[in-house]
Amino acid sequence: MGNESILGKLLTIVSFIIMVLVNILANILPINNMRTMELYESYPNLFMPASYTYIIWIPLSLLLCAFSIYQFNGKLQSRIAPEVFMNIRIMFSLSSLCNVAWVFAWHYDFIALSVVLVAGMLGCMTYIGVTLTNEVYSIKDYIFIRIPFGIYRAWLTIATIMNITVLLVSIRWQGFGLSESLWTIIILVMTLLVVSLRIVKFQDIAYCLTVIWSLIGIFVNHYSKTHLNRQYPEIMIALVIIIIVMMVETGYLIIYKKKNR
């Protein structure tokens with residue numbers, strides 16, 4: 001178990017470093033002469049957040065880096081069972097490798113493959129979330145494990161929807177006769193249902209706040225004169241309602257947690 005643990009720790013750190021480097025190089029080089037956002041913008045759709053939204057990758061990367069360090073020497077401070085910690089390492093390492101593969105699939109315009117890979121990343125994060133459900137946390141566990149993976153899982157939820165939307169745009173899907181605007185509203189309502197389920201079952205504040213951040217980014221993109229310029233007021237109204245509902249749910253969850261400490 002000792003050798004497996006050391007190997008798991010090393011794999012976690014190495015896979016994380018590779019993931020970060022590939023994502024940075026993807027935009028510096030850039031890979032296949034296209035930056036990540038340029039590819040998103042080449043498939044215009046109604047579910048795209050404003051570009052500032054992606055700044056979340058900075059705090060998220062720092063938090064995942066903190067986890068990578070914590071999992072190396074946090075044994076004495078963690079209350080999570082060693083076998084659970086090992087499963088977290090494996091799933092995180094797998095998600096990091098999927099992320100690397102996603103970058104190349106995305107930049108070389110293999111859209112369908114990119115959907116499979118981002119869904120795989122989301123699957124890894126969902127597994128971690130379910131695994132952690134019944135665990136007892138120390139304060140440091142909450143800061144270095146629960147929060148980073150809650151944010152990452154939420155962002156991957158939005159990223160998966162975005163990738164699927166891009167795939168549908170790329171194949172010129174006609175939406176069974178329904179308008180793109182109506183489909184966007186349907187997706188937003190489904191997102192609300194998913195978040196509401198997470199609030200009830202997992203009480204994941206970081207997840208909820210990250211989804212809210214992403215939806216505000218979509219609203220800003222719709223409002224901006226340089227982008228969609230308020231062409232779809234029905235989507236903007238739906239976004240406002242859904243964001244308010246999510247904020248109320250998240251506020252209730254925060255109050256509930258304080259009362260039950």
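In case you wondered, yes, glycine gets a Cβ from its N, Cα and C as well.
Bear in mind that TrEMBL entries carry predicted annotations, made automatically and left uncurated.
The transmembrane segment annotation in TrEMBL covers 7-31, 51-72, 84-104, 110-133, 154-175, 181-200, 205-223, 235-255.
Counting only same-chain residues 6+ beyond the ends of the transmembrane segment (205-223), those with a CB under 8 A from a CB of the stretch are 46-50, 52-53, 56, 129, 146-147, 150-151, 153-155, 157-158, 188, 191, 195, 198-199, 230-232, 235-236, 239-240, 242-243, 246-247, 249-250, 253-254, 257. Looking at which of 51-72, 110-133, 181-200 has the most CB pairs under 8 Å to the transmembrane segment (235-255), the answer is the stretch 181-200. Counting only same-chain residues 6+ beyond the ends of the transmembrane segment (7-31), those with a CB under 8 A from a CB of the stretch are 57, 61, 64-65, 68-69, 71-72, 86, 89-90, 92-93, 96-97, 99-100, 103-104, 107-108. Highest Cβ pair count under 8 Å relative to the transmembrane segment (84-104), across stretches 110-133, 154-175, 181-200: 110-133.
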